[in-house]
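For 81, the entry in TrEMBL reads active site, nucleophile. The active site, charge relay system annotation in TrEMBL covers 182, 184. Feature annotation from TrEMBL assigns L-glutamine binding site to 49, 50, 51, 110, 138, 139.
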Ligand SMILES: NC(=O)CC[C@H](N)C(=O)O
């Protein structure tokens, strides 16, 4: 593939941060609000923000069903935080009646880390990176249950001590990538580069 075009769903959320990260990696970017724009993308980023607002706006802009079809049809897609919620086939603690786009065979719990720890940071090990990734979590979801084709990439311990349970916060399923945290707010481009490898594979 020559230089790929990667769209960022631009209905709400931290669109600019993703566009900048992708441009630093030398790909063509496109802010996606309409079905025609989606059709020009070789890959798609669903940004962090507020999943309830994004799914409503997707419906208002008439792009929701096209997004569903594109993602389940194999468009490489990277969802971060609210974007991970949008990718989930099954959602817990959604707003009443909240829908997702789906594609990722997983149950995602929204705002999972609770009020006390609305935001936190942690260093996470990934199998494909030598050094840990510094992860910023903001009212983040976690993955509660994942299907057989979902590969767990990273988990975080919740609470203190050796017995603290660990929660899944990054996964890959084929050409779908999802993180509970926001790699776009950091200078570290490794996860975006990893996603581009999935786009061009
Ligand atoms: N930082 C985020 O993207 C937060 C996600 C938000 N809690 C939601 O439900 O969509």
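In case you wondered, yes, glycine gets a Cβ from its N, Cα and C as well.
Caution: TrEMBL annotation is automatic and unverified by curators.
Locations of recorded TrEMBL features on the structure.
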{"residue": "49", "record": "L-glutamine binding site", "CB count, 10 Å": "21"}
{"residue": "50", "record": "L-glutamine binding site", "CB count, 10 Å": "16"}
{"residue": "51", "record": "L-glutamine binding site", "CB count, 10 Å": "31"}
{"residue": "81", "record": "active site, nucleophile", "CB count, 10 Å": "30"}
{"residue": "110", "record": "L-glutamine binding site", "CB count, 10 Å": "22"}
{"residue": "138", "record": "L-glutamine binding site", "CB count, 10 Å": "18"}
{"residue": "139", "record": "L-glutamine binding site", "CB count, 10 Å": "17"}
{"residue": "182", "record": "active site, charge relay system", "CB count, 10 Å": "22"}
{"residue": "184", "record": "active site, charge relay system", "CB count, 10 Å": "29"}
List, in sequence order, the residues of the same chain other than 49, 50, 51, 110, 138, 139 whose Cβ lies within 8 Å of the centroid of the Cβ atoms of the recorded L-glutamine site.
-> 48, 81, 82, 85, 111, 140, 141
How big is the gap, in Å, between the Cα of residue 184 (active site, charge relay system) and that of residue 50 (L-glutamine binding site), rounded to a whole number?
-> 15
DSSP-derived structure type at residue 138 (L-glutamine binding site), helix or strand or else coil = strand
According to DSSP, does residue 50 (L-glutamine binding site) fall in a helix, a strand, or coil?
-> coil
Among 49, 50, 51, 110, 138, 139, the record's L-glutamine-binding residues, the widest C-alpha separation in angstrom comes to 13
